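Before any comments, here is the structure.
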Amino acid sequence: MGDSRRRSLGNQPSSEAAGRSEREQDGDPRGLQSSVYESRRVTDPERQDLDNAELGPEDPEEELPPEEVAGEEFPETLDPKEALSELERVLDKDLEEDIPEISRLSISQKLPSTTMTKARKRRRRRRLMELAEPKINWQVLKDRKGRCGKGYAWISPCKMSLHFCLCWPSVYWTERFLEDTTLTITVPAVSRRVEELSRPKRFYLEYYNNNRTTPVWPIPRSSLEYRASSRLKELAAPKIRDNFWSMPMSEVSQVSRAAQMAVPSSRILQLSKPKAPATLLEEWDPVPKPKPHVSDHNRLLHLARPKAQSDKCVPDRDPRWEVLDVTKKVVASPRIISLAKPKVRKGLNEGYDRRPLASMSLPPPKASPEKCDQPRPGL
């Protein structure tokens, strides 16, 4: 992109130079005046600074050293014929060296083609040296120095202020860990105090072993020859847990013969089927609706009648209960007779004896003769 810009900038002065040469050949005095004006503008340092400001900030590497610029001396004016021959010679040389860039100087000035070529080669050589340098590996562990580190400075094009950037590595560890080939395991450095604390104390050993020096307990002969009594054997037997939930239900609940021989009806089979879960909110919380019709009274009477017992039904026990002879000969005591009588329900105020008030239980108070003789206030 930079090369195309240089070519476009270079082609523009070439066209201007060609136009000036034609004007000079035709004898146009404006060509000579413009050439002289261009030469004065280039040689004038103030004009040159204004031109550089109009062109904008360029690459600082493309600027020529001050000694090279100072070494070039351009004549004030030249003869038109000599200037034309000089321009043709420079153009032929640029075509031979394949240089698309042409200086913006006027015809009356000497073109610094050799100086520009040397500066360009010098910049290329400097750029190649920068690219040839290996990149900095920030993952290598290095000690951070206390003095100024590596950095670079630049001048802001908008503000005339100096900026300085200090480059510190952002990572202070390395991905490769150095393997120690001398040791297979890590041996920590244990101090003498740590070794003393790691030894078990004698008090704890005696406490846990019940003051026994050996794990084999000595058993006396009397304990070996002792015969346990029946009570001790009964107490030594483990208790059977009375877990009702863990016992098999076949031993607890026995199905009767009538339940085994029962034949379910169609209604029972219908009720035994599981209901489908409701999906709508109205089904979960139904709103009671008024009955559209009155139920049949004859149907209710039919349902109220006792059903006849089926011949296949085998009851668990005889409906006629057998009364024992001992029960028939029992004589009831007066206490049992009093308890057998039902309580007589009375009304709310029937047979209720209210507790007498204090004024009703005591005699009415009487005033003393002294109080009777005293004059009453207000009379």
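The chain as shown is numbered from 1 upward.
Any Cβ shown, glycine's included, is placed from N, Cα and C.
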Range among 272-307, 344-379 that Swiss-Prot annotates as region 'Disordered': 344-379
Long-range neighbours of the repeat 'THEG 5' (290-309), counting only residues six or more past its ends (CB under 8 A): none
Stretch-averaged pLDDT - the repeat 'THEG 5' (290-309): 83
